[in-house]
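In what follows, a single structure is set out as structure tokens and then discussed.
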């Protein structure tokens with residue numbers, strides 16, 4: 001989850017960074033595998049390259065949310081460690097998804113550097129590295145949470161979110177399948193389903209669900225909160241689709257390729273809804289082609305249809321609805337958690 005504004009304080013960030021080193025060292029000395037020096041160095045470099053480098057907003061959100069739920073300005077040492085550890089599990093999950101997503105999307109850059117599979121000597125070893133990253137999560141959870149009453153709920157939560165995210169990725173991939181390009185399949189319902197499952201659950205619901213479990217809560221009692229966070233995640237992904245086309249690549253850390261990749265983007269769905277027959281013909285002839293001239297024609301059509309203004313209206317209406325839904329929640333602490341998420345992403349530029 002990209003965010004600006006008021007994130008975690010310096011003390012929280014320092015603790016978060018310190019705990020990363022502890023978790024990584026545990027993984028590098030895991031007695032379940034006899035590492036050679038070469039394999040240990042590979043894992044060390046691979047984890048740093050892929051888990052670090054982002055803004056860590058998903059992970060830090062666990063700590064911030066836990067504090068708000070407890071009504072505490074500061075957490076005890078063990079509470080901080082456990083919250084940060086769950087936060088890092090989400091960052092590891094994000095790394096796992098991104099390593100594999102970049103291979104499937106044939107991407108070039110991620111977080112301002114080459115995608116891991118494009119690093120010399122890595123290539124498709126990155127696919128196995130992704131599997132290792134996912135397995136690290138299970139090992140971290142077992143080491144630090146096995147004795148907790150909510151351990152089984154944590155495992156279920158991560159497994160459920162991973163399944164939903166992978167299913168969303170599948171829907172995204174088969175909808176944009178090479179050789180079967182058919183823009184008539186693209187509509188707001190298909191787009192909504194993809195982003196709900198591909199992004200919203202792991203980016204928005206998972207951090208808050210982790211904080212709720214740490215607080216001793218039963219997730220079955222928070223269906224409304226799940227729905228609000230999924231809506232927020234949808235809004236976030238629409239922002240992402242918008243920034244893919246209109247954001248500054250140097251500022252957002254990646255070069256947008258949704259048009260070239262034939263993505264079921266919010267922008268193309270909006271264009272299809274608004275275009276006349278001649279404009280639709282331009283989309284059908286140019287969308288999903290690598291040729292810069294074709295990309296330019298699509299972007300020019302977006303400008304003709306004034307999709308920037310359409311997005312601004314969508315953003316404002318989404319914000320109003322989310323605020324109303326949040327303020328309908330009976331728990332003030334839960335309201336604070338949800339508002340903290342919303343304020344981090346509202347009007348973001350990266």
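Note: Cβ is positioned from N, Cα and C throughout, glycine not excepted.
Just so it is clear, the model here is predicted, and its values are computed rather than measured.
Under the DSSP three-state reduction, residue 111 (isopentenyl diphosphate binding site) is assigned to coil, being neither helix nor strand. Marked as isopentenyl diphosphate binding site by Swiss-Prot on the basis of similarity to another entry: 55, 58, 94, 111.
Classification of residue 101 (Mg(2+) 2 binding site) by DSSP places it within a helix. In sequence order, 107, 169 are the residues near residue 101 (Mg(2+) 2 binding site), counting only same-chain partners six or more apart with C-beta under 8 A. The annotation Mg(2+) 2 binding site is assigned in Swiss-Prot to 101, 105.
Among the features that Swiss-Prot reports, Mg(2+) 1 binding site is placed at 101, 105. Note: residue 105 (Mg(2+) 2 binding site) has non-local neighbours 257, 261, i.e. same-chain residues 6+ apart with C-beta under 8 A of its own C-beta.
Residue 263 (dimethylallyl diphosphate binding site) is surrounded by 23 other CB atoms, counting those within 10 A of its CB over all protein chains shown. Reduced to three states, the DSSP call for residue 263 (dimethylallyl diphosphate binding site) is coil. Here Swiss-Prot flags 110, 198, 199, 237, 254, 263 as dimethylallyl diphosphate binding site.
The binding-site residues in question are 58, 110, 111, 254, and the one with the fewest Cβ neighbours inside 10 Å is 111. Residue 254 (dimethylallyl diphosphate binding site) sits 16 Å from residue 94 (isopentenyl diphosphate binding site), taking the Cα positions as reference. Ranking the binding-site residues 55, 198 by the number of CB atoms within 10 A of their own CB puts 198 at the top. When the alpha carbons of residue 199 (dimethylallyl diphosphate binding site) and residue 94 (isopentenyl diphosphate binding site) are compared, the span between them is 10 angstrom.
Here residue 111 (isopentenyl diphosphate binding site) is compared against the binding-site residues 198, 237, 263, and the shortest C-alpha distance is to 237. In sequence order, 195, 198, 199, 200, 266 are the residues of the chain that are 6 or more apart from residue 237 (dimethylallyl diphosphate binding site) and have a CB within less than 8 Å of its CB. Put simply, the two farthest-apart Cα atoms among 55, 58, 94, 111, the recorded binders of isopentenyl diphosphate, are 15 Å from each other.
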